[in-house]
Amino acid sequence: MAGGRMQLELSRVVQGRSRLGVLKGLGRTGQHSLEVPGCLLYTHFGTVPHLTQDTLHTLRNLPSVTQVTLSNIAEHQEVLEEFKDGFRKFAGLHDTVVYCSLHDPATLCPTGYTTNKTVSVWGSGGRIELTVAKFMALQKTVQPDWYQSMADGETWQNSTSRKRVRKSVDRTLAHLDECLLVHQKSQELDGVEVFGVVEGGDILEERVRSARETAKRPVAGFCLDGLQTASMDQRLRTQLITAVNKELPEDKPRLLQGVGRPDEVLACVEAGVDLFESFFPFQVTERGCALCFSFDISPDPERAVLELSEEKDAAGDTKQNGDLNHDDQTQMTSFEINLKDKRYQDDFRPLVEGCGCYCCKNHQRAYLHHLLVTNELLAGVLLMIHNTSHYHGFFSALREALAKDKLDLLKTRIFNPLNFTDATKTGMKDGLCASRPHTG
Amino acid sequence: ESGLPSSPLTLRIVAECPVTKARVCDLILPHCTVNTPVFMPVGTQGTLKGITVDQLEDLGCQICLGNTYHLGMRPGPDLIEKANDLHGFMNWKRNLLTDSGGFQMVSLVELSEVTEEGVKFKSPYDGKEILLSPEKSISIQNSLGSDIMMQLDDVVSSTVTGPRVEEAMHRSVRWLDRCIAANKNPHKQNLFAIIQGGLNSKLRKACLDEMTKRDVPGFAIGGLSGGEEKDDFWRMVTLSTDHLPREKPRYLMGVGYAVDLVVCVALGCDMFDCVFPTRTARFGSALVPWGSLQVKQKQYAKDFQPIDPDCQCPTCKRHSRAYLHALFKSDTAAMHHVTIHNISYQLTLMRSVRQSIMEGRFPEFIQSFMKRMFPSRDQYPSWTVDALASVNITLQ
């Protein structure tokens, strides 16, 4: 095995399934670590969307692992080959662990182009077909610290046949074996970790088969694919992930692809998932919205009284979790507010009271509203800063909840849209994002 | 030094070039001191195109522009007043200059009609008829709370000739008086006059004679930078600075190309604004001492040096042309990187100009600047040769 030093140290396993710990030994010299459950830093070609280094570094406690995708990188293979020194250096990424995935989790690819020997990614110039040989040539050029092996995950559509699902499992295993062969022979990939990818669509037996077989290979961890938000509801997802995780070694990390909504994250952590991709804040930003759901698990007796006495009017114009159209990832969730709405025109409060991010410390909802209405680029910058900060804050709270046995309290915040943190005079129009009363 | 202690504007002349008409000043405004010569980036709608106020401050920007027409439409003066004026709304702690809205009214809007009352036009957002009068413009700018406000002038394109130019010049003088009368905050906000007169020396001189009789804290040179011949342009600039008071700032509107900036500093201008550097950045055009570099072009795909190896801006310190070239295909941040570089280029250029004047070597600076910018002496635009000759610089 030509792997590195990645090691999962679990400190707790709650109720037999939710895991808390640290993923250590990351990076070429093994000096980085990532707390688990946690998320990777989502980027476009090494850049967090909208952000330059100054704006990015207003954020504290960023994940130590940066995700890059072949869908962004593949078309630049020639340039990277001429550059020779790997993607991290090319992108000016200092002191971070680079994880390379196949697809961009925020975009669903067109289907119908996968073959027995190839998968396709879509760059700015169109479709690029990858054989294992080309895939591995890319990895040698990118020189990530860790990558997922090539996989066929085209099973997310409702109409996927059983036969097609079986093929995706078979192909993915074949790709994994081929990737590992090349990996073991490549000096350039010495010390680089490989994750195997578990497929199987929505068919339990195929999921179990894929998990069992992948676990036999010398991989450092597992990606769970084909379970994207768009492909199935959480009940089924939980069922499948639970079954899969039973087949996987406990001491290796599990990375769930394509799932980012806070309620789904929570449910998947309970099913034994360790890592997620952080594309959700980006999607929220692109629709001009700001994350503001509460993940506060500190007990506050005053607030408990407020909650009892507030109006339980949830009929406002935000949707409830259950109403969401699962096929449309671009639709607003109840975890966010839509700043284009007229009600924010003269709302001079920060996006989230008490949020320490650059946007909330310096700007107000009214200004963000103005930037969105006038189509100004700064809207994306400020929203991305806030949404990233808020999302990572959620993961922090999730870890704290696991550490202090407060998972139930956190679940109340995340799952029950009627249970708000604070009252506003106008009632519950903001979904999970009711803001605090002004205590000035 | 001009202005009373309670004046919202004080100009200190720090150095004057013994060869040209250039000067270095400290312009003391309510929010901070501005070192001139200064290039003012344009943040039209209360934001500088993808750049945070912190980034702008870190680049050393001391004053930037907001646009009265746009902000007057959205979000409107009332909301901005509620937000503690434009400084509060944007959270910009340094100086702001707002133009009057006159230029946009004429350049952006169809069916606008100019009368003695003001400019009548149809709002592009709800089709309602609006009148922008001198009083209305100043009222909006009072609400915006800018440190420098511009009078509403009767704007005529520099390519127009004939009686309309004279009419506009006289009307601008009358509108200046109405603006002065309408200013509710003369102790906090500075109202600048705008010299008009097109490309006609006599009209311009008449305008200068009239407007300099008014006690305003500063003067802008307007009606230029609109597509006229450069030969006419520079003559009007130098005529204007010849007749503007020494102890008040001179603001040349709409000028921002590097060569134009250097020459017009030599002709005696202190302040400049232009959308060009920030607008061109979004198309991947990076400003450099030898012209510009189109980062999106194929030739830069494998170019691993920064935009300008000598540039100290955040973009050049971390990223290569090749990375930016590729990033333009993946994320909007590519635009922000180039915007930061371009603003840095402009502000650094002005700082270098200032430094060279203070050290008595501005003429030498001009020579090496031109040498760097053009492949050879015979490629120097003839207007720059003439303009600089008029202030005792013989380009080599």
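In case you wondered, yes, glycine gets a Cβ from its N, Cα and C as well.
Keep in mind that TrEMBL annotations are predicted by a computer and have not been checked by a curator.
Residues or ranges marked as active site, proton acceptor in TrEMBL: B:ASP99. Every protein chain shown contributes to the tally, and the Cβ of B:ASP99 (active site, proton acceptor) ends up with 30 other Cβ atoms within 10 Å.
According to TrEMBL, the active site, nucleophile annotation covers B:ASP273. B:ASP273 (active site, nucleophile) falls within a strand segment according to DSSP. All chains included, 23 other C-beta atoms sit within 10 angstroms of the C-beta of B:ASP273 (active site, nucleophile).
Among the features that TrEMBL reports, substrate binding site is placed at B:ASP99, B:SER100, B:GLY101, B:GLY102, B:PHE103, B:ASP153, B:GLN196, B:GLY223. Secondary structure at B:GLN196 (substrate binding site), as computed by DSSP, is coil. The Cβ of B:GLN196 (substrate binding site) lies under 8 Å from the Cβ of B:ASP153, B:ASP154, B:VAL156, B:VAL165, B:ALA168, B:MET169, B:SER172, B:LEU203, B:ARG204, B:CYS207, B:GLY222, B:GLY223, each on the same chain and at least six residues away in sequence.
Around the Cβ of B:CYS316 (Zn(2+) binding site), 23 further Cβ atoms fall within 10 Å across all displayed protein chains. Taken residue by residue with DSSP, B:CYS316 (Zn(2+) binding site) is part of a helix. According to TrEMBL, the Zn(2+) binding site annotation covers B:CYS311, B:CYS313, B:CYS316, B:HIS341.
In the predicted model, the domain 'tRNA-guanine(15) transglycosylase-like' (B:20-373) shows an average pLDDT of 95. Annotation comment: TrEMBL describes B:20-373 as domain 'tRNA-guanine(15) transglycosylase-like'.
Taken from TrEMBL, the feature region 'RNA binding' applies to B:254-260 (among others). Counting residues per DSSP class in helix, strand and coil order gives 3 helix, 0 strand, 4 coil for the region 'RNA binding' (B:254-260).
TrEMBL lists B:278-282 (among others) with the feature region 'RNA binding'. Per DSSP, the secondary structure of the region 'RNA binding' (B:278-282) breaks down as 4 helix, 0 strand, 1 coil.
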Rounded to a whole number, how many Å is the Cα of B:PHE103 (substrate binding site) away from the Cα of B:ASP273 (active site, nucleophile)?
14
Write out the long-range same-chain contacts of B:CYS313 (Zn(2+) binding site), meaning residues 6 or more apart in sequence whose Cβ is under 8 Å from its Cβ.
B:LEU59, B:ILE340, B:HIS341, B:SER344, B:TYR345, B:THR348
Can you tell me how many other Cβ atoms are located within 10 Å of the Cβ belonging to B:ASP153 (substrate binding site)?
28
Could you tell me which three-state DSSP class B:SER100 (substrate binding site) falls into?
coil
Cβ-Cβ neighbours of B:SER100 (substrate binding site) (radius 10 Å):
30
Do you know offhand how many angstrom separate B:GLY102 (substrate binding site) and B:ASP273 (active site, nucleophile) by C-alpha?
16
Of the recorded positions listed here (B:ASP273, B:CYS311, B:CYS316), which is spatially closest to B:SER100 (substrate binding site) when Cα positions are compared?
B:ASP273
What other residues of the same chain, not counting B:CYS311, B:CYS313, B:CYS316, B:HIS341, have a CB atom within 8 A of the CB centroid of the Zn(2+) site?
B:PRO306, B:ILE307, B:ASP308, B:GLN312, B:PRO314, B:THR315, B:LYS317, B:ILE340, B:SER344, B:TYR345
Hey, of the binding-site residues listed (B:GLY101, B:GLY102, B:GLY223), which one tops the CB count within 10 A?
B:GLY223
Spatial neighbour of B:ASP273 (active site, nucleophile) that is closest, considering only the recorded positions B:ASP99, B:GLY101, B:CYS311 and their CA atoms:
B:ASP99
